[in-house]
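These come from Swiss-Prot:
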{"type": "ACT_SITE", "residues": "2", "note": "active site, nucleophile"}
{"type": "DOMAIN", "residues": "2-217", "note": "domain 'Glutamine amidotransferase type-2'"}
{"type": "DOMAIN", "residues": "283-428", "note": "domain 'SIS 1'"}
{"type": "DOMAIN", "residues": "461-602", "note": "domain 'SIS 2'"}
{"type": "ACT_SITE", "residues": "607", "note": "active site, for Fru-6P isomerization activity"}
């Protein structure tokens, strides 16, 4: 969500901070700001809207400094205004903040009683005033921050500077991701390593509760008041490949990158048509013990988990439950022994999923219940990867568009690989079936490429959606979650109200919405549910609805009046959800472009949801 960039160097870092913010734009935001210290003054610029507005203001004001912090804000407390934009100041202190201070109103009341005047509606300004107040009692900035941190309740990351400390940047991680970029004669902080790749590829990943002091030449990290060392990790240069290239939008680029992303993801697990011997080898003992699976995820990742539930139960006979993380953690779930808890997250930092994981681990430990945890994630250095027993990476590369595409399909591929591995370990799937599915996985990128050849057809269909206000997506079996995903994509980026339903539920309510203004998107693979799905299509047409059908070549579904059909290549039934993701992604993309919305950064949304 919000993005932090900060640094301390020997050179002017204003442009570095602005460039860092530009590289964080994909996370979603509504305002941006920067503060630099120069000659014991805080020089600050803040603007509503795009980072480009801030960059123009900085260029005009010509502010500069070798110590500074910058921020993109996604509003949680207070509207998107210049006064609410970060950095916030109090006296000689400037602060940027990601996350939520849950007890900010109580702290604000106390500070107002002391005479502090608030100029914003944010929870962040509380932190600036608290540190300023603590400086009257402490001898240095680090000690003042240490005094304030225990007063803050919530999940947050902080970057703090002070005019009396022109070579010192203090940072705090408590429930919100933060990374230190290690340079030569300069050091930086950010919410995301991608922001710092132009200046360094060496990083230190802060852990929960860490407080760090950065100078030009040193990094000190403290955990629970004790000075500690955290390892410096060098990032593969390929991770920085995050430009749009020849594509108009990141989303379109990432849709077209899916065949290669699937190829990369399966290559880590398959040797020919068999699982590699070293694939998840260290997890085999845990896999042998599991009797149940619980998947925890949010948004698009939740839809991937829904599909995996069908696969777990139908392929290897392991009971599987799937829950939205924000619901799971607050309902006091029963922790069941010998359960594999799977967290799915593109970033590995999704706040609700991470909190659900930690709560589950805490409950299991308190009751001495044996469980295992595993993350499916696209970021090898993320909190979830570090905090689970095992992990399986989706090798999708950076995904910049807010609407997930290649992360989703690689999650599906990774989940299938995981299921094959668990089934093999537990001897609940035949070697012949593993070989068959492995063969189809290798073939999947080719089918995806062939499906992408229908882009022009889908563009023509999208023109019929531009003036619509509502839309239904219908599917059965593993394509019900794809219907949900298609509806999510359309509403995310085109702002058309869309709903996904299991087609069998049509008569239980949604059919009342169907009229000649309601487009209905149907996912119709050639499987054992096709005949029932065709009956649902007839029900829609009988009520005047207009059908947009994605079906495979052997389905027998053909064009007719008010029934538009895109025929895509036939694919193995187990893997059809991966392929059928592409047409709903392309449809949503083209509708959004035709409606003139911001495809890569849709309003009110963030790529990485790091607050609850």
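We count from 1, first residue shown onward.
The backbone N, Cα and C atoms fix where each Cβ goes, and this holds for glycine too.
In the shown protein chains, 29 other C-beta atoms lie within 10 A of the C-beta of the residue listed as 'active site, nucleophile'. The domain 'SIS 2' (461-602): residue composition by secondary structure is 64 helix, 32 strand, 46 coil, according to DSSP. In the three-state DSSP reading, the residue listed as 'active site, nucleophile' counts as coil.
Note on the domain 'SIS 1' (283-428): DSSP counts are 69 helix, 28 strand, 49 coil.
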